[in-house]
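Undergrad: Sending over a structure as structure tokens; questions will come in a sec.
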Amino acid sequence: MSKSYFMGHYRMGNCTEKRLQTIIWFSTFSTLGVHDVHAGFVSVTGGSGSFVDSSFFLARRSIHPSVAHSRFTQQELPACKPILTPRWVISAFMLVSLVFIPIGVASLFASRDVVEIIDGYETHCIPQEFRNDKVKYIQTPGVKPCIRTMTVPKHMKKPIYVYYQLDNFYQNHRRYVKSRSDVQLRENKSENDVSSCEPEDIANGMPIVPCGLIAWSLFNDTYNFSRNNQPLTVNKKDISWKSDRDHKFGKNVFPKNFQSGKLVGGANLSSSIPLSEQEDLIVWMRTAALPTFRKLYGKIEVDLQKGEVINVTLENNYNTYSFNGKKKLVLSTTSWLGGKNDFLGIAYLTVGGLCLFLAMAFTVVYLIKPRRLGDPSYLSWNRNPGGH
Amino acid sequence: MIPISIKVSLDLVKSLYAKFIDWDNEMIDLETSTRSHATNTAISEDLGQVEYILTDKTGTLTENKMIFKRCCISGIFYGNESGDALKDVELLNAVASGSSDVIRFLTVMAVCNTVIPIQSKSGEILYKAQSQDEEALVRAAAHLHMIFVNKNANSLEINFNASIIQYEVLDTLEFTSDRKRMSIVIKDCRGGKTFLLSKGADEAILPHALPGQQTRTFAEAVEQYAQLGLRTLCLAWRELEEDEYREWSLMFKEANSTLVDREWRVAEVCQRLEHNLELLGVAAIEDRLQDGVPETIETLRKAGINFWMLTGDKQNTAIQIALSCNFVSPEPKGQLLLINGKTEDEVCTSLERVLLTMRTTNSEPKDVAFVVDGWALEIALKHYRKAFTELAILSRTAICCRVTPSQKAQLVELLKSCDYRTLAIGDGGNDVRMIQQADIGVGISGREGLQAARAADYSIGKFRFLKRLILVHGRYSYNRTAFLSQYSFYKSLLICFIQIFFSFISGVSGTSLFNSVSLMAYNVFYTSIPVLVSVLDKDLSERTVMQHPQILFYCQAGRLLNPSTFAGWFGRSLFHAIVVFAITIHAYAYDKSEMEELSMVALSGCIWLQAFVVSIETNSFTIPQLLAIWGNLAAFYVINWIVSALPSSGMYTIMFRLCRQPTYWVTMFLIVAAGMGPVLALKYFRYTYRSSKINILQQAERLGGPILSLGNIEPQPRSYDKDVCPLSISQPKNRNPVFEPLLSDSPNATRRSFGPGTPFDFFQSQSRLSSSYSRNCKDN
């Protein structure tokens, strides 16, 4: 192994050459800023692969003052240079449309399979005589029962999810979203950590647990279902995220001083049940990003047959009237895509259709008006002077 | 958020551009093994936008390696046939036969200088000289058996035909740029006679010749040699009377010891001795063009760059050099317009006429250049600045001779004031001001030291590297910066638009859709690496760019980064924001509209889109780029999984939940297809049916096959002699001062080596099209 070895040509196999290149690239890259990184070889030619490993070591060790040659420093890394050929583009659009249209159909079917019963009750549950001043009605204390009936349009397989849907309710408002104390919800010892809970932080000189506007405005309509005069049990267990119950809401944090202020927002909480078991609160505290949202109320764990009439006895307590909010009761099954939502299916079909159209259009244009790629005559400096 | 991310990425990338210049193995000067070096890391992309190059001549275009080539001794021309006087048999015979004129000429060559000979151990004599010209003369004399052997404090020895002649040096009248000559007073130790030996520029020597002597032959010789681009020196001598010298010597000593105005006094005293000189002859010294200079200039001119030559040399020498290095095309395409005159009025009329000609010929595809000398330039800049500025804008080429360093800087200033991006290149101390004044200064680390290279933004070893510096490094840097900066705006705007849209559905309360960790990581981790690695992107291969330098026009005219391209990126970010936002809020409506989830869906949509945007805008994929783009996408998920695994974080379990939902993946694909489909369709359409020149060259390059009909233009090794020799030496007698046809009697003199019909011929005819092309485009 003579000295000229550094300067001369290495002979090695093709794949090892690539490996060496990669390693050298990394070694150079890792020492960016070091001025004279010598990658140790000048040119690589094919041949037998005898020296590879030792040469790699030599390559790393030898620091030559002037020569730093690697494909990276010379900007000669092997590159793949695709261009937008008609064939490539048309087949890409074709492929997308071929994939998207079936997915679109599948999602649309999935969405159509979902059976959904929606009942907007915010107006109906106000007695006729109070319809002019709904806010006053809702603000009068006392039980305000209301009976709604729903007919099952199609066979509904268990589990059937019971949601309440609020419209025009800005749970994503900046001040609303911030008005909570995660530490207080999690740990018993942090019950005084209410600084972020303005304006529902302290009542009667005591910190509120759980503090903040979100908890304060907890939804408090209740629903009781019955079928053929038989009560239909709604399972309210496991409606919240397990991770929330385990990590976000403490097992030894109990509601304290809650809804005891001058203004009562929403539901009250039993002070004997720890927050981690107050699942309605946990669901409510997962704030919605959109002003229209559904929150899980419970699950009905029996099948409902087509044509069955379901009676709902609800207590209309929650005041959405002062901001023209709407309240809906939703019973829904699920599919692999979740609830009933045609959007994805339609969007997939649209995009797939457009891609198909584009592929067709490009094909037609390509056939009618072929244009030779890279034709030098398109270079204006190759044209006649009279051409422009 | 926008400025910081742009600033950081740009700074990182720019330092890498500079490193690429430092690392470039094709820009190493193998003779002196100097690498190119970028001192200024901030302006690499400006290199790609150069419109004017102002270049020095000596040492920049030429090698600054002087070689004695021809001489004219008492009316006899030596070296005209062979091109090398040292090989001229007649001269050798004359030396051998001891012709007194020739011997006196050689004596002046060997003695009248400030060269110091150093005897090396091997017996060779090395000459140390401040001036390259003097060294050339001494070497030539030594070659002709007049060997300058030794120099002590007051005496020097010359070995002529094996006999030692000793002289006593009495005085040295040093060279100054005002006097343009130097003289030496010596005393022959054998004969005891005193002589004054002088050498200098023709205009400094010929007026002081002995009255009655025929100076015309010498003036013609000077003219002839200048036509060939040679530097000329007139040699003269005079025998001094003992009394005259003694008298003068006292005055000289006194002048040398004056405290006030010494330089002026000394010059005045010197003048008293330097008269009635007996002219001996004219020596012509060649300063060879550097390798590849004509090709470099031709390529760069084709790239739409205008060249101005600023030199301290004589007009004729400058014009000849300009011709031989493709500065101006020979007749009939090229045309030189002279601006001269000694008084204001003369300069004014001359300038007006040139302007008029320039305006009328501007529509024709002609290569018009103007020539101006330092004196006229001074007047023009002082009194007719407006007219001169107009001229500067109209003219693609200019030759300014006899200009001072400060005038060089003034010219740069003038072009800069017209909003042109200027590059000044030079090698010596006299170019430093010009280099510092220009937008980009390039120094050649040459024989005149490193002064210019130190002051410059870039230092290169040879002029020919300028081509690579501009066309490869400048162009790539510009392209990459254009993409990177616009992309940085795009990605930041994307997030901003989404936030704005979200504010409309959150009661315009200013809620952030994205949590603070995501917002921070978005610019730092999620979107910066793919675009940083786009510094490896090359739209066209270096070879294609070199073959089609016209493509540089896209950089000069700022086609890749201007309000309209910016509007394109702005529109793209708006469109993508709409796509991401609309799809997210519709796919994740009702029971799924949980804040943290929805925010992650929107964010992932952005990240997916940006990976595809970088991919679609990348022209060449290297392994690091592929790794960066897709590795970055994978890293996004890894980072978010890690954050989602921390119970204390706000988005605990979110990413795991999302990745388990089919809806999430279906939404992602929808965002990508809906976001990229139109972009791809539009890009394809423009690429194929409204293709830019870059696109066409890309297609040509990648579909293989011969790239255009032009063939490969390899730099032709050209020697100076080959091109110049066929030039007829006779001078066109009746010249029109303004409308001067260039070398009417030898139309294709500089291109004789290429016959008609060769690829080169074709290529040449392109250059004029390209010039009109780029002009037209610039007008648009």
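Backbone N, Cα and C atoms are what each Cβ position is placed from, and that goes for glycine too.
Where the annotation comes from TrEMBL, it is an automatic prediction and has not been curated.
Copied straight from TrEMBL:
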- B:ASP56: active site, 4-aspartylphosphate intermediate (ACT_SITE)
- B:ASP56, B:LYS57, B:THR58, B:GLU134, B:PHE175, B:LYS199, B:ARG231, B:THR311, B:GLY312, B:ASP313, B:ARG402, B:LYS408, B:ASN430, B:ASP431: ATP binding site (BINDING)
- B:ASP56, B:THR58, B:ASP427, B:ASP431: Mg(2+) binding site (BINDING)
- B:453-690: domain 'P-type ATPase C-terminal' (DOMAIN)
- B:729-750: region 'Disordered' (REGION)
- B:569-590: transmembrane segment (TRANSMEM)
- B:597-616: transmembrane segment (TRANSMEM)
- B:622-643: transmembrane segment (TRANSMEM)
- B:664-685: transmembrane segment (TRANSMEM)
Undergrad: Do the transmembrane segment (B:569-590) and the transmembrane segment (B:622-643) come together with 3 or more C-beta pairs under 8 Å, pairs six or more apart in sequence?
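TA: They are not in contact.
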Undergrad: To see if you understand the setup: which same-chain residues, six or more apart in sequence, place their Cβ under 8 Å from that of B:ARG402 (ATP binding site)?
TA: B:THR311, B:GLY312, B:ASP313, B:LYS314, B:GLN315, B:ASP373, B:GLY374, B:TRP375
Undergrad: Out of B:ASP56, B:THR58, B:ARG231, point to the one nearest B:ASP431 (Mg(2+) binding site) in space (Cα versus Cα); all of them are recorded positions in the record.
TA: B:ASP56
Undergrad: For a quick check of understanding: given the listed ATP-binding residues B:ASP56, B:LYS57, B:THR58, B:GLU134, B:PHE175, B:LYS199, B:ARG231, B:THR311, B:GLY312, B:ASP313, B:ARG402, B:LYS408, B:ASN430, B:ASP431, what is the maximum Cα-Cα distance in angstrom, as an integer?
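TA: The span, Cα to Cα at its widest, is 27 Å.
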Undergrad: Work out how many Å separate B:ASN430 (ATP binding site) and the residue listed as 'active site, 4-aspartylphosphate intermediate' at their Cα atoms, rounded off.
TA: 9
Undergrad: So what's the mean pLDDT when you look at the domain 'P-type ATPase C-terminal' (B:453-690)?
TA: 91
Undergrad: Cα within 10 Å of B:ASP427 (Mg(2+) binding site): which of the binding-site residues B:THR58, B:PHE175, B:ARG231 qualify?
TA: B:THR58
Undergrad: Around the Cβ of B:GLY312 (ATP binding site), how many other Cβ atoms lie within 10 Å? Please give the count over every shown protein chain.
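TA: Neighbour count, Cβ to Cβ under the 10 Å cut-off: 20.
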Undergrad: According to DSSP, does B:ASN430 (ATP binding site) sit in a helix, a strand, or coil?
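TA: Once the DSSP labels are grouped into three classes, B:ASN430 (ATP binding site) ends up as helix.
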Undergrad: Can you tell me the CA-to-CA distance separating B:ASP56 (active site, 4-aspartylphosphate intermediate) and B:ARG231 (ATP binding site), as a whole number of Å?
TA: 16
Undergrad: Reduced to three states, what secondary structure does DSSP give B:ASP56 (active site, 4-aspartylphosphate intermediate)?
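TA: Where B:ASP56 (active site, 4-aspartylphosphate intermediate) sits, the three-state DSSP reduction gives coil.
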